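Engineer: Sharing a structure with you now.
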């Protein structure tokens with residue numbers, strides 16, 4: 001099967017845009033009213049041609065090697081998923097570039113709520129398309145399965161033509177501006193690429209798991225969000241990457257999620273049996289990370305969702321009180337919490353959605369392996385490991401908790417005591 005067939009309907013830039021001169025001078029879609037952005041830093045691209053027609057542009061970055069070189073280095077270190085790790089890093093970094101541009105538009109436009117969902121919708125779809133593209137271009141040919149949040153149903157309806165055109169323009173601009181691939185999508189190709197994410201996952205085979213923008217409310221506010229990508233192999237998470245464009249590369253130093261450091265944009269990665277790392281989205285050398293070793297809850301701090309609609313803050317407050325935690329909660333959107341926990345910015349992660357909510361696997365697959373490979377433990381409220389082999393949803397008890405091995409026994413007891421009290425109080429009403 002040639003690359004064109006694997007990607008859906010795509011064309012070389014020259015064919016679609018009328019040559020390099022036309023491409024370099026093309027105008028942005030007026031309906032988007034996008035603001036100009038500074039020239040992005042060099043982007044790591046692959047030098048492996050996929051076919052005579054659809055080939056990655058042979059570019060290099062002074063700050064990091066190509067995914068092929070990263071894969072060779074990783075394989076030399078004994079990583080059995082080296083090529084997949086390199087592809088995943090490239091995929092989320094490319095998607096992050098698109099998301100950063102859209103978020104900057106949102107901040108400048110003054111959007112404060114989700115009443116107008118179009119900017120988030122464009123970024124969600126665009127991110128998913130770019131991840132799918134990069135995985136298909138970088139990973140060896142074969143069966144491709146992606147479990148992702150979005151599908152093309154809404155974009156195929158009457159009245160969706162304008163937003164489809166906007167998504168198409170933005171995806172093609174991102175590919176062109178980063179020089180990542182010498183291809184461009186048609187509208188039909190965009191729809192096909194989105195539907196790559198319709199896999200149901202399961203216990204057999206390999207499945208990529210993607211949340212194209214985790215933390216949409218944070219994304220709208222100009223705060224934290226993540227592009228979260230994991231790989232399931234026979235029902236087990238074996239690889240995860242988290243691109244967190246607004247998370248400081250150095251440790252978070254206060255409850256507002258800011259840092260004394262100046263560099264922003266963190267890329268967390270982990271492969272089963274190989275530990276966890278963090279590097280900058282611009283391509284700094286990766287650094288090994290490990291979860292904190294605190295064994296006294298009094299000295300611990302805990303992460304929870306920024307939005308009370310996403311997690312029961314009253315319950316997490318009760319858990320913290322039973323543990324004796326003195327520090328206020330650190331509230332951050334998205335799986336950036338998992339990354340911050342894995343590098344020791346805090347000691348505990350608590351998530352207790354409201355009754356009736358079903359957790360999706362893409363909300364936890366990447367983050368959970370980053371934490372466990374950093375030496376932590378991630379379980380449900382009963383202490384069971386998370387099971388990602390049962391399709392698109394997690395079947396778990398009440399909530400999700402994560403911490404180090406020393407704190408887990410006392411945390412589990414506090415969680416179960418707090419849940420019991422809450423249920424008893426509810427039964428009296």
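Backbone N, Cα and C atoms are what each Cβ position is placed from, and that goes for glycine too.
Just so you know, TrEMBL annotations are computer predictions that nobody has curated.
Straight from TrEMBL, here's the annotation block:
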| type | residues | note |
| --- | --- | --- |
| SIGNAL | 1-27 | signal peptide |
| BINDING | 149, 211, 213, 214, 363 | Mg(2+) binding site |
Engineer: Select the most exposed residue of 149, 211, 214, 363, where exposure means the fewest other Cβ atoms within 10 Å, treating these as the binding-site residues.
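Structural biologist: Least crowded of the binding-site residues 149, 211, 214, 363, by Cβ count within 10 Å, is 149.
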Engineer: Residues with Cβ closer than 8 Å to the Cβ of residue 213 (Mg(2+) binding site), same chain and 6+ apart in sequence?
Structural biologist: 99, 120, 123, 124, 127, 219, 225, 226, 227
Engineer: Can you list the residues of the same chain, besides 149, 211, 213, 214, 363, whose Cβ falls within 8 Å of the Mg(2+) site's Cβ centroid?
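Structural biologist: Close Cβ neighbours, site residues excluded: 210, 212, 215, 216, 226, 228, 334, 335, 360, 362.
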